[in-house]
Amino acid sequence: MAPSTAAVAAAVAVLSTSALAFTLWTKAQVLYGRGSKRLQDFRLTRVLKVTEREVSLLGTFATDERQRPAVLTIQKTAFDTTELAALLHNLSLHQILQNDIYSTYLGDVSRSVRPFKVNLIYPATETHIRKHTDQAFHMVTETKALYEQVTRPYIESIPAEKIEWVYNILEHKTESERIVYEDTHPTNGFILLPDFKWSDPSNLESVYCLAIVNDRSIRSLRDLRGSHVPLLKNVRDASLLALKTQFGVEPTSFRIYVHYQPTYYHFHVHFSHVKITDGTHTGKAVLLEDIIYNLSQDAAYYEEATLSYAVGELQHKPLVDRFVEHGILPKKAQ
(Lines of atoms letter the chains of each structure in order from A; the text may use other names.)
(Lines give C-alpha, C1' and ligand atoms only; values in the text may rest on other atoms or scores of the structure.)
Protein backbone atom coordinates (compact mmCIF):
# COMPACT_ATOMS: atom_id res chain seq x y z
CA MET A 1 0.00 0.00 0.00
CA ALA A 2 1.34 3.43 -0.94
CA PRO A 3 2.31 5.63 2.02
CA SER A 4 0.22 8.67 2.81
CA THR A 5 1.50 12.18 2.24
CA ALA A 6 1.39 12.83 5.97
CA ALA A 7 3.38 9.69 6.74
CA VAL A 8 6.12 10.53 4.27
CA ALA A 9 6.23 14.16 5.36
CA ALA A 10 6.57 13.06 8.97
CA ALA A 11 9.35 10.62 8.10
CA VAL A 12 11.22 13.26 6.12
CA ALA A 13 10.88 15.73 8.98
CA VAL A 14 12.21 13.25 11.52
CA LEU A 15 15.16 12.25 9.37
CA SER A 16 16.23 15.67 8.21
CA THR A 17 14.43 18.22 10.39
CA SER A 18 13.00 19.73 7.23
CA ALA A 19 16.23 20.51 5.36
CA LEU A 20 18.95 19.89 7.97
CA ALA A 21 20.33 16.71 6.43
CA PHE A 22 20.36 18.23 2.96
CA THR A 23 22.07 21.37 4.28
CA LEU A 24 24.80 19.28 5.91
CA TRP A 25 25.28 17.36 2.69
CA THR A 26 25.45 20.60 0.70
CA LYS A 27 28.03 22.03 3.07
CA ALA A 28 30.13 18.89 2.77
CA GLN A 29 29.93 19.05 -1.02
CA VAL A 30 31.08 22.67 -1.05
CA LEU A 31 34.02 22.01 1.26
CA TYR A 32 34.97 18.88 -0.64
CA GLY A 33 34.72 20.61 -4.00
CA ARG A 34 36.98 23.45 -2.95
CA GLY A 35 39.75 21.00 -1.92
CA SER A 36 42.42 23.01 -3.79
CA LYS A 37 44.80 22.77 -0.83
CA ARG A 38 44.36 19.01 -0.73
CA LEU A 39 44.98 18.78 -4.46
CA GLN A 40 48.19 20.78 -4.34
CA ASP A 41 50.17 17.61 -3.70
CA PHE A 42 48.29 15.51 -6.27
CA ARG A 43 50.77 13.89 -8.65
CA LEU A 44 49.43 12.84 -12.05
CA THR A 45 50.20 9.27 -13.13
CA ARG A 46 48.16 9.19 -16.31
CA VAL A 47 45.01 10.49 -17.97
CA LEU A 48 42.31 7.81 -17.81
CA LYS A 49 39.59 9.36 -19.97
CA VAL A 50 38.71 12.63 -21.70
CA THR A 51 35.23 13.54 -22.97
CA GLU A 52 33.55 16.81 -23.87
CA ARG A 53 32.07 16.92 -20.36
CA GLU A 54 34.79 15.55 -18.08
CA VAL A 55 38.36 14.39 -17.62
CA SER A 56 39.36 11.49 -15.35
CA LEU A 57 42.89 11.39 -13.93
CA LEU A 58 44.87 8.73 -12.08
CA GLY A 59 47.46 9.88 -9.59
CA THR A 60 48.82 9.77 -6.07
CA PHE A 61 49.32 12.24 -3.23
CA ALA A 62 52.88 13.25 -2.41
CA THR A 63 52.03 13.25 1.30
CA ASP A 64 50.80 9.64 1.21
CA GLU A 65 53.70 7.43 2.29
CA ARG A 66 51.86 4.37 0.94
CA GLN A 67 51.33 6.06 -2.45
CA ARG A 68 47.80 4.71 -2.77
CA PRO A 69 46.11 5.51 -6.11
CA ALA A 70 43.52 8.25 -6.45
CA VAL A 71 41.00 8.83 -9.23
CA LEU A 72 40.20 12.50 -9.81
CA THR A 73 37.27 13.42 -12.07
CA ILE A 74 36.77 17.03 -13.14
CA GLN A 75 33.41 17.82 -14.72
CA LYS A 76 31.84 20.86 -16.28
CA THR A 77 28.85 22.16 -14.35
CA ALA A 78 25.61 23.49 -15.77
CA PHE A 79 25.39 27.13 -16.81
CA ASP A 80 23.75 29.48 -14.33
CA THR A 81 21.70 32.08 -16.22
CA THR A 82 22.20 34.56 -13.37
CA GLU A 83 25.92 34.56 -14.22
CA LEU A 84 25.56 35.26 -17.95
CA ALA A 85 26.47 38.93 -17.64
CA ALA A 86 29.69 38.07 -15.82
CA LEU A 87 30.41 35.31 -18.32
CA LEU A 88 30.04 37.57 -21.34
CA HIS A 89 31.98 40.40 -19.71
CA ASN A 90 34.96 38.20 -18.82
CA LEU A 91 34.98 35.90 -21.85
CA SER A 92 38.11 36.22 -23.98
CA LEU A 93 37.65 34.78 -27.49
CA HIS A 94 40.24 33.22 -29.82
CA GLN A 95 38.93 32.53 -33.31
CA ILE A 96 39.70 29.11 -34.79
CA LEU A 97 37.25 29.03 -37.72
CA GLN A 98 35.13 31.40 -39.82
CA ASN A 99 32.91 30.43 -42.74
CA ASP A 100 30.43 33.01 -44.02
CA ILE A 101 28.15 33.78 -41.07
CA TYR A 102 29.50 30.92 -38.90
CA SER A 103 32.41 31.39 -36.51
CA THR A 104 34.00 29.12 -33.91
CA TYR A 105 36.12 30.32 -30.99
CA LEU A 106 37.94 29.03 -27.95
CA GLY A 107 36.91 31.02 -24.90
CA ASP A 108 38.85 31.78 -21.73
CA VAL A 109 36.52 32.26 -18.78
CA SER A 110 37.07 34.25 -15.62
CA ARG A 111 37.40 32.22 -12.41
CA SER A 112 34.46 34.18 -11.02
CA VAL A 113 32.15 32.13 -13.23
CA ARG A 114 30.66 28.85 -11.97
CA PRO A 115 33.50 26.43 -11.06
CA PHE A 116 34.12 22.86 -12.10
CA LYS A 117 32.80 19.91 -10.14
CA VAL A 118 35.59 17.74 -8.76
CA ASN A 119 35.10 14.15 -7.56
CA LEU A 120 37.85 12.30 -5.71
CA ILE A 121 38.02 8.55 -5.08
CA TYR A 122 40.83 7.88 -2.62
CA PRO A 123 42.21 5.39 -2.10
CA ALA A 124 40.93 4.00 -5.39
CA THR A 125 40.71 0.29 -6.14
CA GLU A 126 41.54 -1.34 -9.46
CA THR A 127 37.78 -1.54 -10.06
CA HIS A 128 37.46 2.24 -9.74
CA ILE A 129 40.38 2.80 -12.09
CA ARG A 130 38.93 0.47 -14.74
CA LYS A 131 35.51 2.12 -14.52
CA HIS A 132 36.92 5.60 -15.20
CA THR A 133 39.31 4.55 -17.99
CA ASP A 134 38.46 5.00 -21.67
CA GLN A 135 37.68 1.56 -23.08
CA ALA A 136 35.82 -0.50 -25.67
CA PHE A 137 32.32 -1.81 -24.98
CA HIS A 138 30.49 -4.86 -26.28
CA MET A 139 26.84 -5.87 -26.38
CA VAL A 140 25.95 -9.16 -24.71
CA THR A 141 22.66 -11.02 -25.18
CA GLU A 142 22.19 -12.89 -21.93
CA THR A 143 19.80 -15.84 -21.98
CA LYS A 144 18.62 -17.59 -18.84
CA ALA A 145 21.18 -20.33 -19.51
CA LEU A 146 24.03 -17.84 -19.97
CA TYR A 147 23.08 -16.12 -16.73
CA GLU A 148 23.14 -19.43 -14.85
CA GLN A 149 26.40 -20.58 -16.45
CA VAL A 150 28.42 -17.36 -16.41
CA THR A 151 26.88 -14.25 -14.85
CA ARG A 152 25.43 -15.73 -11.68
CA PRO A 153 28.66 -17.56 -10.69
CA TYR A 154 30.53 -14.31 -11.30
CA ILE A 155 28.17 -12.36 -9.02
CA GLU A 156 28.41 -15.02 -6.32
CA SER A 157 32.23 -14.88 -6.49
CA ILE A 158 32.33 -11.20 -5.54
CA PRO A 159 33.61 -10.82 -1.94
CA ALA A 160 31.05 -9.44 0.53
CA GLU A 161 33.42 -6.66 1.55
CA LYS A 162 32.97 -5.11 -1.90
CA ILE A 163 29.56 -3.81 -0.77
CA GLU A 164 30.36 -3.28 2.90
CA TRP A 165 29.91 0.44 2.30
CA VAL A 166 26.28 -0.23 1.31
CA TYR A 167 25.65 -2.14 4.52
CA ASN A 168 27.22 0.75 6.45
CA ILE A 169 24.56 3.05 4.99
CA LEU A 170 21.72 0.65 5.79
CA GLU A 171 23.02 0.25 9.36
CA HIS A 172 23.47 4.03 9.82
CA LYS A 173 27.21 3.64 10.36
CA THR A 174 27.92 6.18 7.63
CA GLU A 175 26.07 8.89 5.67
CA SER A 176 23.06 8.91 8.02
CA GLU A 177 22.98 12.72 7.86
CA ARG A 178 22.32 12.50 4.11
CA ILE A 179 19.20 10.33 4.31
CA VAL A 180 16.19 11.94 2.65
CA TYR A 181 13.70 9.19 3.54
CA GLU A 182 13.77 5.79 5.22
CA ASP A 183 11.35 2.90 5.50
CA THR A 184 12.69 0.36 8.01
CA HIS A 185 10.48 -2.56 6.91
CA PRO A 186 12.82 -5.57 6.47
CA THR A 187 11.46 -6.67 3.08
CA ASN A 188 9.66 -3.65 1.61
CA GLY A 189 11.82 -0.94 3.16
CA PHE A 190 14.69 1.12 1.79
CA ILE A 191 16.83 4.21 2.30
CA LEU A 192 16.68 7.16 -0.12
CA LEU A 193 19.66 9.51 -0.27
CA PRO A 194 21.34 11.86 -2.76
CA ASP A 195 23.81 10.38 -5.20
CA PHE A 196 27.12 12.23 -5.41
CA LYS A 197 26.36 12.85 -9.08
CA TRP A 198 24.00 15.55 -7.80
CA SER A 199 26.81 18.07 -7.63
CA ASP A 200 24.80 21.29 -7.41
CA PRO A 201 21.99 21.08 -4.81
CA SER A 202 20.70 24.49 -5.89
CA ASN A 203 19.97 23.11 -9.37
CA LEU A 204 16.91 20.88 -9.07
CA GLU A 205 17.19 19.93 -12.73
CA SER A 206 20.29 17.96 -11.79
CA VAL A 207 18.63 16.09 -8.90
CA TYR A 208 19.86 12.51 -8.60
CA CYS A 209 19.01 10.14 -5.74
CA LEU A 210 19.37 6.44 -4.99
CA ALA A 211 16.98 4.12 -3.18
CA ILE A 212 18.89 1.24 -1.54
CA VAL A 213 16.65 -1.62 -0.44
CA ASN A 214 16.92 -3.32 2.95
CA ASP A 215 16.54 -6.83 1.50
CA ARG A 216 20.09 -8.12 1.05
CA SER A 217 18.99 -11.16 -0.94
CA ILE A 218 18.25 -9.05 -4.02
CA ARG A 219 21.49 -8.49 -5.88
CA SER A 220 20.30 -7.47 -9.32
CA LEU A 221 17.37 -7.28 -11.71
CA ARG A 222 17.64 -11.05 -12.24
CA ASP A 223 16.68 -11.74 -8.61
CA LEU A 224 13.35 -9.91 -8.82
CA ARG A 225 10.14 -11.94 -8.70
CA GLY A 226 6.45 -11.14 -8.58
CA SER A 227 6.63 -11.15 -4.78
CA HIS A 228 8.85 -8.06 -4.98
CA VAL A 229 6.22 -5.89 -6.67
CA PRO A 230 5.06 -4.39 -3.31
CA LEU A 231 8.67 -3.42 -2.58
CA LEU A 232 9.13 -1.82 -5.99
CA LYS A 233 5.87 0.11 -5.73
CA ASN A 234 6.80 1.29 -2.25
CA VAL A 235 10.21 2.47 -3.48
CA ARG A 236 8.54 4.35 -6.33
CA ASP A 237 5.63 5.91 -4.43
CA ALA A 238 7.36 6.77 -1.15
CA SER A 239 10.45 8.17 -2.88
CA LEU A 240 8.50 10.39 -5.26
CA LEU A 241 6.42 11.69 -2.37
CA ALA A 242 9.51 12.35 -0.26
CA LEU A 243 11.29 14.12 -3.12
CA LYS A 244 8.21 16.26 -3.76
CA THR A 245 7.89 17.07 -0.05
CA GLN A 246 11.59 17.75 0.50
CA PHE A 247 12.61 19.52 -2.71
CA GLY A 248 9.39 20.43 -4.51
CA VAL A 249 10.25 18.39 -7.60
CA GLU A 250 7.21 16.94 -9.37
CA PRO A 251 7.00 13.13 -9.77
CA THR A 252 6.74 13.54 -13.55
CA SER A 253 10.18 15.17 -13.55
CA PHE A 254 11.93 11.93 -12.56
CA ARG A 255 13.24 9.08 -14.65
CA ILE A 256 13.24 5.98 -12.41
CA TYR A 257 15.34 3.02 -13.48
CA VAL A 258 17.61 0.12 -12.57
CA HIS A 259 20.98 -0.67 -14.12
CA TYR A 260 21.84 -4.10 -15.49
CA GLN A 261 24.64 -4.83 -15.09
CA PRO A 262 24.80 -2.61 -11.97
CA THR A 263 27.94 -1.00 -10.58
CA TYR A 264 27.50 -2.97 -7.35
CA TYR A 265 25.39 -6.02 -6.60
CA HIS A 266 22.96 -4.86 -3.94
CA PHE A 267 19.64 -3.88 -5.46
CA HIS A 268 19.13 -0.13 -5.78
CA VAL A 269 16.95 2.19 -7.86
CA HIS A 270 18.01 5.43 -9.57
CA PHE A 271 15.88 8.59 -9.42
CA SER A 272 17.29 11.22 -11.80
CA HIS A 273 15.81 14.31 -13.39
CA VAL A 274 14.45 13.67 -16.88
CA LYS A 275 16.96 16.16 -18.32
CA ILE A 276 19.84 13.95 -17.17
CA THR A 277 20.86 11.47 -19.85
CA ASP A 278 24.04 9.93 -18.41
CA GLY A 279 23.49 6.29 -17.45
CA THR A 280 20.03 6.13 -19.02
CA HIS A 281 20.85 4.60 -22.40
CA THR A 282 19.49 1.38 -23.84
CA GLY A 283 21.64 -1.57 -22.85
CA LYS A 284 22.12 -0.28 -19.32
CA ALA A 285 18.97 1.28 -17.83
CA VAL A 286 15.66 -0.56 -17.34
CA LEU A 287 12.70 1.61 -16.35
CA LEU A 288 11.11 0.75 -13.00
CA GLU A 289 7.59 1.02 -14.43
CA ASP A 290 8.47 -1.60 -17.04
CA ILE A 291 9.89 -3.88 -14.35
CA ILE A 292 6.74 -3.59 -12.23
CA TYR A 293 4.52 -4.29 -15.23
CA ASN A 294 6.55 -7.29 -16.38
CA LEU A 295 6.55 -8.87 -12.92
CA SER A 296 2.83 -8.20 -12.54
CA GLN A 297 2.21 -10.17 -15.73
CA ASP A 298 4.76 -12.91 -15.09
CA ALA A 299 6.21 -13.44 -11.61
CA ALA A 300 9.30 -15.16 -13.06
CA TYR A 301 9.83 -12.70 -15.93
CA TYR A 302 13.41 -11.73 -15.06
CA GLU A 303 14.35 -15.29 -14.21
CA GLU A 304 13.38 -16.43 -17.70
CA ALA A 305 14.00 -13.33 -19.85
CA THR A 306 16.77 -12.78 -22.37
CA LEU A 307 18.44 -9.47 -21.53
CA SER A 308 20.81 -7.47 -23.74
CA TYR A 309 23.29 -5.04 -22.24
CA ALA A 310 26.69 -3.39 -22.74
CA VAL A 311 29.86 -4.42 -20.91
CA GLY A 312 33.13 -2.51 -20.80
CA GLU A 313 36.38 -4.38 -21.41
CA LEU A 314 37.89 -2.76 -18.33
CA GLN A 315 34.93 -1.76 -16.17
CA HIS A 316 33.46 -5.28 -16.32
CA LYS A 317 36.75 -7.11 -16.91
CA PRO A 318 36.15 -10.13 -14.61
CA LEU A 319 32.77 -10.71 -16.27
CA VAL A 320 34.14 -10.02 -19.76
CA ASP A 321 36.90 -12.58 -19.18
CA ARG A 322 34.27 -15.20 -18.35
CA PHE A 323 32.29 -14.34 -21.48
CA VAL A 324 35.47 -14.73 -23.55
CA GLU A 325 36.16 -18.13 -21.97
CA HIS A 326 32.67 -19.29 -22.98
CA GLY A 327 33.01 -17.93 -26.52
CA ILE A 328 30.41 -15.19 -26.03
CA LEU A 329 32.90 -12.37 -26.73
CA PRO A 330 36.00 -12.40 -28.96
CA LYS A 331 39.40 -12.97 -27.36
CA LYS A 332 40.50 -9.45 -28.28
CA ALA A 333 38.00 -8.22 -25.66
CA GLN A 334 40.29 -9.50 -22.89
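The chain as shown is numbered from 1 upward.
For all residues, glycine too, the Cβ spot is worked out from N, Cα and C.
Features reported for this protein in TrEMBL:
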BINDING   W165, E175, D195, K197, 259-270  substrate binding site
ACT_SITE  H268  active site, nucleophile
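Calculated from their C-alpha atoms, the gap between H268 (active site, nucleophile) and W165 (substrate binding site) amounts to 13 Å. Of all the binding-site residues listed (W165, Y265, F267), W165 has the fewest other CB atoms within 10 A of its CB. The sparsest Cβ neighbourhood within 10 Å, among the listed recorded positions (H259, H268), is found at H259. Around D195 (substrate binding site), taking its Cβ as the centre, 15 other Cβ atoms fall within 10 Å, counting all chains. Note: Q261 (substrate binding site) has non-local neighbours T151, S220, Y309, V311, H316, L319, i.e. same-chain residues 6+ apart with C-beta under 8 A of its own C-beta. Long-range Cβ proximity for T263 (substrate binding site), meaning a same-chain Cβ under 8 A and a gap of 6 or more residues, is found for K131. In the three-state DSSP classification, Y265 (substrate binding site) falls within coil. In this structure, W165 (substrate binding site) is part of a helix by DSSP.
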